[in-house]
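Colleague: A single structure is presented below for examination.
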Amino acid sequence: MFATKTVLFIAVVSLLGTFSSAAVDTFIYGGCSQEKYFPGSPYESNVNSLLTSFVSSASLYTYNNFTTNGISGDSSSVYGLYQCRGDLSSGSGDCARCVARAVSRLGSLCAMASGGALQLEGCFVKYDNTTFLGVEDKTVVVRRCGPPVGYNSDEMTRRDSVVGSLAASSGGSYRVGVSGELQGVAQCTGDLSATECQDCLMEAIGRLRTDCGGAAWGDVYLAKCYARYSARGGHSRANGYGGNRNNNDDDEIEKTLAIIVGLIAGVTLLVVFLSFMAKSCERGKGGK
């Protein structure tokens, strides 16, 4: 995932909703370096400064990268970038809200880690102690495919049309394709050149075709780009991508909350009962 010597642990992946309607702060993936920094160190100060710059800049720009230099000769320099999905704007505040959420989650996920990256539905943030800016990285981070749809010539034609439009080199760094009920989206990070972006996207799209060609939907995230396709509003990917899994999870959450509330109520009643019994005993002793 990182183009550095650090080793990353990819956090639990949970892709939810379709790209057009899912909440922009839906968690996609996150990873942190094994290497840690010391609390109170100059590097920690530079990381905090960098992440703060992300949030401030996102109210004006949908992409930016920063280098926070340390003192000459030390190892406290930190490099980072953020990027919002191509259909989000800085003017509406959607980009800034997403980046702020991503920075907050990254701070919790990668506390004291020298490097970290986090992808939400609407934005991506990354920092490291070794520069990765302008470096193409086609490492596979996430690859998920939906259930097979079986042979359907119309469906396959639409899918090929959508994926083909994503592969068009004239599409820029953010690309959208639509055919019937199918839609696709692809994007690479803003630090790549046009040639590097096309190369990265072709790798992601190629994997999407090969690995998810007969699936109802598919997602391939590489370290510096991604490509996805899905039926518009036709499925939910919560916790394993099953169409009804989200409702089941909500039911489980409600059941858990009901149990917790019941336990709290039971404990409260027990405390009241014991208090009443204790007072009754005291009155009984006082009357003797």
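Backbone N, Cα and C atoms are what each Cβ position is placed from, and that goes for glycine too.
Taken from Swiss-Prot, the feature signal peptide applies to 1-22, supported by sequence analysis. If you look up Swiss-Prot, you'll see CYS32-CYS110, CYS84-CYS95, CYS98-CYS123, CYS145-CYS212, CYS188-CYS197, CYS200-CYS225 marked as disulfide bond. Positions annotated as region 'Necessary and sufficient for plasmodesmal targeting' by Swiss-Prot, on the basis of similarity to another entry: 257-277. As annotated by Swiss-Prot, transmembrane segment applies to 257-277, with the evidence given as sequence analysis. The topological domain 'Cytoplasmic' annotation in Swiss-Prot covers 278-288.
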Colleague: Counting other Cβ atoms within 10 Å of each Cβ, which of the disulfide-bonded residues CYS95, CYS145, CYS197, CYS200, CYS225 scores lowest?
Modeller: CYS145
Colleague: Mind looking up the mean pLDDT for the topological domain 'Cytoplasmic' (278-288) in the predicted model?
Modeller: 61
Colleague: Drop a 10 Å sphere on every Cβ of the disulfide-bonded residues CYS98, CYS110 and tell me which sphere holds the fewest other Cβ atoms.
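Modeller: Counting other Cβ atoms within 10 Å of each of the disulfide-bonded residues CYS98, CYS110 gives the minimum at CYS110.
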Colleague: Tell me, which disulfide-bonded residues from CYS95, CYS110, CYS123, CYS145, CYS188, CYS197 are within 10 Å of CYS225 (disulfide bond) if we use the C-alpha atoms?
Modeller: CYS188, CYS197
Colleague: What three-state secondary structure does DSSP assign to CYS200 (disulfide bond)?
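Modeller: For CYS200 (disulfide bond) - judged by DSSP and reduced to three states - the answer is helix.
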Colleague: Using a 10 Å cut-off, grab the number of neighbouring Cβ atoms around the Cβ of CYS123 (disulfide bond), all chains included.
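Modeller: Counting Cβ neighbours of CYS123 (disulfide bond) within 10 Å gives 29.
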Colleague: Looking only at CYS84, CYS212, which of these disulfide-bonded residues has the biggest number of Cβ atoms within 10 Å around its Cβ?
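Modeller: Of the disulfide-bonded residues CYS84, CYS212, the most buried by Cβ count within 10 Å is CYS84.
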Colleague: Validating a neighbour-count step here. Other CB atoms within 10 A of the CB of CYS32 (disulfide bond): how many?
Modeller: 25
Colleague: Sort CYS212 (disulfide bond) into helix, strand or coil using the DSSP assignment.
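Modeller: SS state of CYS212 (disulfide bond) = helix.
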Colleague: Based on DSSP, name the secondary structure state of CYS110 (disulfide bond): helix, strand or coil.
Modeller: coil
Colleague: May I ask which of the disulfide-bonded residues CYS95, CYS123, CYS145, CYS188, CYS200 is closest to CYS32 (disulfide bond) if we compare their C-alpha atoms?
Modeller: CYS123
